[in-house]
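Right, one structure below, let's go through it.
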Amino acid sequence: MGFRSCKMEDGLSSFWGPVTSTDWCEKNYVHSSYIAEFFNTISNVPGILLALIGLVNALRQRFEKRFSVLHISNMILAIGSMIYHSTLQHVQQQGDETPMVWEMLLYFYILYSPDWHYRSTMPTFLFFYGALYAVVHALFRFGFGFKVHYVILCLLCIPRVYKYYIYTKDVSAKRLAKLYVATLLLGSMCWLSDRVFCKEISHWHFNPQGHALWHILMGFNSYFANTFLMFCRAQQREWNPKVVYFLGVFPYVKIQKPKSQ
């Protein structure tokens with residue numbers, strides 16, 4: 001058998017064996033022998049559902065394929081995170097981190113490709129960059145280096161997002177961008193507090209589950225980002241986009257393509 005069980009300090013059995021990945025502030029194997037970090041695992045479910053809603057909307061209104069791929073990548077990332085947090089194994093952690101980089105490369109393409117004159121060069125470069133990163137990341141442990149690399153990719157996207165924001169006059173679309181920033185900042189605070197103050201939190205009677213809150217907020221963050229980018233792209237294509245609200249609260253983009261398209 002490839003898997004072996006072991007006994008944790010609290011006496012619960014671990015189906016996946018000793019922890020070989022980064023361990024977070026949630027206590028391990030409290031609710032199940034098969035799920036190392038219960039809340040950090042199930043907190044990815046909202047992200048999967050939100051990405052599925054975005055995918056259905058993109059397919060139903062025949063948005064460009066890049067947005068369908070983007071929503072699918074969000075789902076893959078959330079599923080990878082579930083597998084990682086349920087096992088706390090190094091290989092599964094790599095399977096969570098590598099798609100994070102791929103997803104940022106996809107965002108980079110969606111943001112910058114409309115004004116890129118050499119249409120094949122950008123996707124070709126990003127594809128080989130992503131493939132090379134996956135190989136190197138599989139061979140070496142990056143740790144802090146991964147975080148720096150990921151933050152740099154995020155920062156490279158900010159100027160273009162800001163440009164879209166200032167050129168967008170629609171109030172509802174701007175609200176999506178503000179929700180994107182708000183969930184990013186709040187989620188980052190949850191992530192940092194869980195990481196930095198874990199020693200203090202471990203003595204509390206109640207764990208606020210900062211990393212699980214990060215997952216939930218990032219699920220909404222990705223949805224708001226994708227919806228905002230879909231609006232901006234539809235505006236570029238002159239598809240008369242509008243932000244409408246399902247049941248008065250849940251935003252999505254509705255477009256009206258010219259009959260010639």
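Backbone N, Cα and C atoms are what each Cβ position is placed from, and that goes for glycine too.
Note that this is a predicted model, so its numbers are computed, not measured.
Marked as Ca(2+) binding site by TrEMBL: Asp23, Trp24, Glu26, Asn28, Glu37. All protein chains shown were included, and the count of other CB atoms within 10 Å of the CB of Asp23 (Ca(2+) binding site) stands at 12.
Other Cβ atoms within 10 Å of the Cβ of His85 (Zn(2+) binding site) number 28 in total over all chains. The Zn(2+) binding site annotation in TrEMBL covers His85, His211, His215.
Among the features that TrEMBL reports, transmembrane segment is placed at 38-56 (among others).
Annotation source TrEMBL lists transmembrane segment at 68-88 (among others). Listed as Cβ neighbours of the transmembrane segment (68-88) (distance under 8 Å, sequence separation of 6 or more from its ends, same chain) are residues 16, 19-21, 23-24, 28, 34-37, 40-42, 44-45, 47-48, 50-52, 54-55, 58-59, 95-96, 99-100, 102-103, 106-107, 110, 215, 219, 222-223, 226, 229.
Remote same-chain residues near the transmembrane segment (100-118) are listed as 66-67, 69-70, 73-74, 77, 126, 129-130, 133-134, 137, 149-150, 153-154, 156-157, 160-161, 164, 225, 229, 233, 236 (criterion: CB distance under 8 Å, separation of at least six residues from the stretch ends). Marked as transmembrane segment by TrEMBL: 100-118 (among others).
Here the transmembrane segment (125-144) has Cβ contacts under 8 Å with residues 22, 90, 94, 97-98, 101-102, 105-106, 108-109 of the same chain, all six or more residues outside its ends. The transmembrane segment annotation in TrEMBL covers 125-144 (among others).
TrEMBL lists 150-167 (among others) with the feature transmembrane segment.
The annotation transmembrane segment is assigned in TrEMBL to 179-197 (among others).
Proximity of distant same-chain residues to the transmembrane segment (212-232), defined by a Cβ-Cβ separation under 8 Å and at least 6 residues beyond the stretch ends, is recorded for 26, 39-40, 42-44, 46-51, 53-54, 58, 63, 67, 70-71, 74, 78, 81, 107, 110-111, 164, 168, 170, 173, 176-177, 179-180, 183-184, 186-188, 190-191, 194, 241, 243, 251-253. As annotated by TrEMBL, transmembrane segment applies to 212-232 (among others).
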Neighbour count (Cβ, 10 Å) for His215 (Zn(2+) binding site): 25
Would you list, in sequence order, the binding-site residues among His85, His211, His215 whose CA lies within 10 Å of the CA of Asp23 (Ca(2+) binding site)? His85
Across all protein chains in the structure, which of the binding-site residues Glu26, Glu37 has the highest Cβ count within 10 Å? Glu37
State the non-local partners of the transmembrane segment (38-56) in its own chain: residues 6+ outside its ends, Cβ under 8 Å from one of its Cβ atoms. 24, 26, 30-32, 67-68, 71-72, 74-75, 77-79, 81-82, 85-86, 209, 211-213, 215-216, 218-220, 222-223, 226-227, 252
